[in-house]
């Protein structure tokens, strides 16, 4: 044990937090989570242990701008002005200091290992009583599961130890410091340490005791470590559970270890042995270790699909059977290996349906509770995710247990990122930083190695490639050869990774960056001598309105076996709740706390909002990742299961044929499909519809029974096919009414019954409509070629740094947002049964014509206005965001009804999950409340739209809401939006894709750009 004086002054003088060679003082060795049961039955059933006591709750807290400002007296007693805070928590969420959001740039001046003298310091204290029996015998430990960034610990005024690495436990022996009665803990937490240089992850930078604190009482002679490994014969019919147990304390001949394996109430196997390890070398073996091997016939294998778990109980006892203590863990029998270029689980090649997940809560910062963790897992499972990457640090210990039990594959990642270093490997190639890096990797492995859900270790994130990585890769492969290791840094295919694991590599497009080219994922597979599997550690950057082009990745994954999926970036928006002057909550992002530097809204890349409400993009991910695929041939549906281990024992296939959303026929068939099997379903002869319209066949896989992660009736997969269109024609009834045209010096006015249309002859726009005496328009109907920029349109542009290649900057530079209409033509003609208005506009900026729009409006005796639009795009202007029409309707109706793709928001390159049907939603649901306002709410493939008294027909896309594109463009946060008068309607003949391969470079695929030069579309606008 390291002994230093208890004096605060001496601790401050040592400055351990600026010494990369000091990562801990007196911290105990890492190990799996312990509970030290004194009853093996309680260990088997995982009941709360009487030897494990939580210290979570209210602690006294005082904040100081620097550690030197902390008074020495604090070690002995609480300060008179100390506050009370809840532990675990981040002190920034209690109003102390400010959270800082930055992606790459370090929040402190880069001068490793030194940190600013103004180093915010939180002083925590807690008084507690200790059970006298704990003082009489054994060892009492204190466990801090997570403290950011570094801390010193005192107990009863005496210095205990020091720890850093904010994402792994720091555990200390308190036995020598405790006494009967009241005891006092004092914890000095520093915001910045040399460890901060290894924790440059894309997240909020927060501080404090943010994970659980507990006391653990162990016997003097104790189990100090145990690890379990499962091994198999070739066909997985026989397995061996290998348990290596290590003890600490007096090594006596009478000591025995028993390992028993349980499946529920049934004991499957058991073995007992004295200590004394196998021979290691010419000097012998470990006297304090023993390895037991239990044979298991026909084990029920663990997978994310069927997370079968056993329970291993490890007992330390004397020869006469007296139990000293027991530890336990869940065991999943599974094998992970790479063979012939494929990542295999239990002999089957995996397809990773993964997502990156930060630990984030909108109210509690980086504090995770069980309810939130379970909510995340349920949502992931419900949306067809089978894997999660712990980006970019080891998670709360409970997370892994939940993943074991619910079934998720886990990439466990070391808390190492040096993204802001120049070059990135400045520290990771420096031997002085090897001890700090080593602790972060080795302690992660030692804590989490017993979890079957952990199938891959990761050496960290975005830290270049250094010699330290190579050393740690070799250490893991030596200590735990049962799992592959991945690491993206230095080009994603270095010697420190078993898996090619690039981030944001595109399907077909190479990105030849200097030193570390990023090949297309298809090309990577074909590089000479390359036989590793490729799994994208990050792809499909889901920032705001994004995930366009997701389907092309999944087409490639299914086409090329060695493309084994990837992890979407990322799961949850990292917005935080703030309150305005009236106490109303709003969602904040980088810079909203006065934090500098900051990367604004780049913290919001989630498939779900911070409160776990899904983004529309989540449905696209669910659909592309679904485990059932469908093919239609005639009246036969072929259903293929992509499950590797599950039989479809809880699925029905529901099918329906509908004409323009009206059901014509339907049925339900139980699915009986084995793993990777097929089933053919023959549909009956379908009735012939009597009217014209689009005929669609929809199939849905429905789970009739609830599961551990879903309710009864859950839809897990679906597909639609458009059948041959019914071409029967219903002729319109003859009309004897003829619209009347009146011409004045300023307007053309057309009147038919109680309806009137007014076209302004100076502007050439439809300026007003009336139904009776009620005006229908607040603004004229006019062309629209722009959208409120998406995050993907903005890229890395900001006020102080313009990226001229970003779509929004190209549109601005070309004048798309500033373009004004110059009238070229506005004429009116009376036809035999209609009035025809013809207009032409040149949309110009600074004398240059960008678009020419020609329209005809034909108003007939039924009151239908047929609008034909022809648009020519200048050859030297950027491809526009949209080609359509916009106006502000006077009405505000509660409901929106449409026949088209829905129900969720969809865009041309993100619509495979949308279904063609007749949908009816509240107006409020037509708007997607992205925290950073942007273009949103589009519905594609629309044939008919009904709103208030109006109906539009054609083949178009639309969005409709209380917010104009202008307001969305000019507003920084959604809570600042105000509902405008009336309703804004945007009807597009064509709309550009949204992209999403990444959010910092143009990523809309060419086929989803509006590059044709000439466009035509038609609408019918009438009143019901």
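Cβ from N, Cα, C; glycine included.
A simple way to gauge crowding: the CB of residue 462 (active site, proton donor) has 21 other CB atoms within 10 angstroms, across all the protein chains here. Under the heading active site, proton donor, Swiss-Prot lists 462.
What Swiss-Prot lists as active site, nucleophile is 538. On its own chain, residue 538 (active site, nucleophile) has 356, 391, 488, 503, 504, 566, 567, 568, 569, 570 as residues at least 6 apart in sequence with a Cβ closer than 8 Å to its own Cβ. In the three-state DSSP assignment, the secondary structure recorded for residue 538 (active site, nucleophile) is strand.
The substrate binding site feature in Swiss-Prot is assigned to 103, 202, 462, 538, 539, 540, 541, 605, 1000.
Cβ neighbours within 10 Å of residue 202 (Na(+) binding site), excluding its own Cβ and spanning all shown chains: 23. The Na(+) binding site feature in Swiss-Prot is assigned to 202, 602, 605.
Counting every protein chain shown, the Cβ of residue 417 (Mg(2+) 1 binding site) has 26 other Cβ atoms within 10 Å. Annotated Mg(2+) 1 binding site per Swiss-Prot: 417, 419, 462, in sequence order.
Taken from Swiss-Prot, the feature Mg(2+) 2 binding site covers 598, and the record attributes it to sequence analysis. Long-range Cβ proximity for residue 598 (Mg(2+) 2 binding site), meaning a same-chain Cβ under 8 A and a gap of 6 or more residues, is found for 100, 101, 102, 590, 591.
Around the Cβ of residue 358 (site 'Transition state stabilizer'), the number of neighbouring Cβ atoms within 10 Å comes to 22. Sequence annotations record features per position, and here Swiss-Prot assigns site 'Transition state stabilizer' to 358 (among others).
For 392 (among others), the entry in Swiss-Prot reads site 'Transition state stabilizer'. Reduced to three states, the DSSP call for residue 392 (site 'Transition state stabilizer') is coil.
Take the mean position of the Cβ atoms of 202, 602, 605, the recorded Na(+) site; other residues of that chain with a Cβ within 8 Å of it are 103, 543, 569, 570, 574, 599, 603, 604.
Here residue 602 (Na(+) binding site) is positioned 15 angstrom away from residue 419 (Mg(2+) 1 binding site), judged by their C-alpha atoms. The shortest Cα-Cα distance from residue 602 (Na(+) binding site) to any of the recorded positions (103, 392, 417, 539, 1000) is found for 103. Spatial neighbours are here defined as Cα atoms within 10 angstroms of one another, and by that definition the neighbours of residue 392 (site 'Transition state stabilizer') among the binding-site residues 103, 202, 605, 1000 are 202.
Other residues of the chain with a Cβ within 8 Å of the Cβ centroid of 417, 419, 462, the Mg(2+) 1 site, are 104, 200, 201, 202, 392, 418, 420, 424, 460, 461, 463, 489. Residue 417 (Mg(2+) 1 binding site) has 462 nearby among the recorded positions 358, 462, 541, counting only those with a Cα within 10 angstroms of its own Cα. If you take the C-beta of residue 1000 (substrate binding site) and look for same-chain residues 6 or more apart in sequence within under 8 angstroms, you find 795, 796.
Cβ neighbours within 10 Å of residue 539 (substrate binding site), excluding its own Cβ and spanning all shown chains: 26.
All protein chains included, residue 605 (Na(+) binding site) registers 25 other Cβ atoms within 10 Å of its own Cβ. For the binding-site residues listed here (419, 541), the lowest count of other CB atoms within 10 A around the CB belongs to 419. Around residue 103 (substrate binding site), the same-chain residues six or more apart in sequence whose CB sits under 8 Å from its CB are 202, 419, 599, 602, 603, listed in sequence order.
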